[in-house]
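Peer 1: Shown below is the structure under consideration.
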Ligand SMILES: Nc1ncnc2c1ncn2[C@@H]1O[C@H](COP(=O)(O)OP(=O)(O)O)[C@@H](O)[C@H]1O
Ligand SMILES: [Mg+2]
């Protein structure tokens, strides 16, 4: 890993300001944050406190107004858009609250999407897709379309899609926010397994204390500031 | 093309919309090919006409005949070095739908005046020496499966009755512009069979001048000669005669071009709108793909590729249909469009037009998708 001293994510004095009708809306106000390789971190905070914004900065799909975001040895502010996309493909697995599967593609094809960006042959892609579908327990659903799956199953397919290219960091934005308690628990168990067995580094946004308990460490964000 | 399936799946997302779009593009290009073919067929017959060949017809209208006696006087005109004549027969084979041109020709002179009709010498000889013989173009022979020696019955409309001809020759055009869909038979045979009052009447005289620059002089002289007779003439070059059909309907070429362009343009606007709708509906999905690491350039190509594929499918359907329809049917408009077939150039132009439509209709949604800001696009649903 290219990261220095085992720190996979390092944020230094990160600010994010949005403009709403020309009025400045400060969302993140001087965030310092370090996540070490192999950690499973939960990020909690009230709605609107800037959790998603912070996660998006770390995942390289948004950029800070000020400060430095270093992830996997790369200072994201210095990367050109094309490079940043390639960097995301290589390092980030993103899990959304609303799963965000492509409705016209089967579970198998959805999981394959990140692999299309690699040089892998069709045969190798198939091997990998079936392997991760097996890992999330959905091998039998490979040919199903998202609308034929339950919410919990959809989220498992989304997790398979997030891990299929073996990214450095998994980020999840309220991954259980749209699920009932039983399915939520299953998803959290799956994430715990990915952390424990595959040594994945995971950053999970949640406002559910039960979900946060599954992580090794919990950060609290309030009004754009990380609480000690 | 591992991304093809992604593009294809997106097209199948709204099957009805995709079908309607493909279909309307197909219609536009079908019409484009058809109108283009009207123009190229006219051009071909103009090219096939000889600059040294003049057409002499009744001054009032083509439907009035001229006396056979004019022949002797035409031969005398200075500058004229060949005369032939014939009548438009206007019949059909078995069914009025089977339209092709038939001409009763003065056989002894016709090959002299029409050197573009190429036939083996023995067939020329056989045709000359038999009163009921006929010759047919190669394309016509192929279409009806007629061979040398076959009896071909033609039902006359201007000259009523069933006329039986024996095929004694199959001619080819010297160039590809020459029509190969006509049946020629003996004018003498027609003339003999007519009642006394209709005998010795000629529809068209063709005269040949020694060089093209004599054409104007000779035309004037011929028309002056018959000016005060009961049957005045109108003489013009074959080109002008052909072009006369065109001017009958005004500046058809311009008209057809305007109509064709208008159709294509209208359909393109509809397609642009459809493509933009299709892309807008997928804002979140595009943001998701970008999150997975799909670059702006790749997204651009995927969205543009989709528009291009739709247009190309429409283009192939429309142009293919045109080629098929005008190959299988015999749309000759009673012989006015003897060579009505879709040229390869027309198909190529149609497909290029389809590609252009694809690019133009895909460019706005593709650029919009490529520029999409991931974080804000994802917010809209959450
Ligand atoms: N693109 C944007 N434009 C304007 N305001 C935004 C934008 N994105 C986020 N915000 C605002 O930033 C604040 C934090 O949003 P977010 O990070 O989504 O919070 P959380 O995920 O903790 O609920 C909210 O007040 C939200 O309205
Ligand atoms: Mg949020």
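Backbone N, Cα and C define each Cβ position, glycine as well.
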Peer 1: Kindly point out the range from B:20-39, B:40-59 that TrEMBL annotates with transmembrane segment.
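Peer 2: Result: B:20-39 is the stretch TrEMBL calls transmembrane segment.
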Peer 1: Check each of the ranges B:211-239, B:298-326 against TrEMBL and return the one annotated as transmembrane segment.
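Peer 2: My reading of TrEMBL: the transmembrane segment range is B:298-326.
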Peer 1: Pop the mean pLDDT for the domain 'ABC3 transporter permease C-terminal' (B:258-373) in here, whole number is fine.
Peer 2: 87
Peer 1: Using Cβ atoms and a strict cutoff of less than 8 Å, what residues sit near the transmembrane segment (B:346-370) while being 6 or more residues removed from its termini?
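Peer 2: Residues 25, 29, 32-33, 36-37, 40, 264, 267-268, 271-272, 274-276, 278-280, 282, 286, 296-297, 299-312, 314-316, 318-319, 322-323.
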Peer 1: Treating G and I as helix alongside H, and B as strand alongside E, what does DSSP give for the domain 'ABC3 transporter permease C-terminal' (B:258-373) in helix, strand and coil?
Peer 2: 93 helix, 0 strand, 23 coil
